[in-house]
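Working notes, structure below.
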């Protein structure tokens, strides 16, 4: 299909058309974005600077926090800036770049969450083989594979969309450029493209979700053989991960494994996986993890001592 698009820019309708609500939203989402960046950056710095957090679990957590920063940065700054302007425009190239970024970082996060579940499975169900299987080299390849998988998925979604002609309406019922809103604006029949898009997203989301569920079912059965103390520690780390998986996969699956008909509903659901989950991840992983909290305290004490020495 040859692209005969004459649309040079799109108009994002955003979350609200009320000026008063937009000012409130600006303050709220600006603060939320600051929390996302600060919280996840703190996790990255803590893991990198602490000698005690050198296990694969924290290696993956570091990359998860990095992806969360990137993921939110693709959509939230533009959304926040749009709350202050009358006409919320985005160029065609900028829209496609945003579409690519959303799917790239979103899919990468799905794969990293799946890898983290595999890490917990090996640690709990096959502890004697853990150091042999989860080497630094193997973990590096798993993270690299997550980035490559996200890139391939995003490239497919982006190419399918850019091949469509856009020659009429240019108003997007969303606060960022995504596949479903753009499919509705294309001036051609998008039925088969829509099926491929849903199949692509659905295959990844459902297969990873199935692996996650299977991993934790096996883990729960395996925990029956552990001591009460070991069971409690395992459930603590797994509980954090399960919470994040539910918060991210639930809304994400709702949006992408079906042909969207209610874009107004979808954009509110999208707030969960673009804003809420990236903001809660650092809180969830630190509140339930004594090792991370201890490493943060040591990092803070080290910073305070260095400042006193300078004075």
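Placed from the backbone N, Cα and C atoms, the Cβ positions cover glycine too.
Of the listed segments 158-190, 191-223, TrEMBL assigns transmembrane segment to 191-223. Checking TrEMBL for transmembrane segment across the ranges 269-287, 288-306 points to 269-287. Between the stretches 73-95, 96-118, TrEMBL puts its transmembrane segment entry on 96-118. The transmembrane segment (26-45) makes contact with the transmembrane segment (269-287), as judged by at least three Cβ pairs under 8 Å among residues 6 or more apart in sequence. Under 8 Å from some Cβ of the transmembrane segment (96-118) lie the Cβ atoms of residues 57, 60-61, 63-64, 67-68, 70-71, 74-75, 78, 90, 142-143, 145-147, 149-151, 153-155, 157-158, 161-162, 176-179, 182, 204-205, 208, 211-212, 215-216, 241, 244-245, 248-249, 252, 273-274, all in the same chain and six or more residues away from its ends. Over the domain 'G-protein coupled receptors family 1 profile' (39-285), the average per-residue pLDDT in this prediction is 86.
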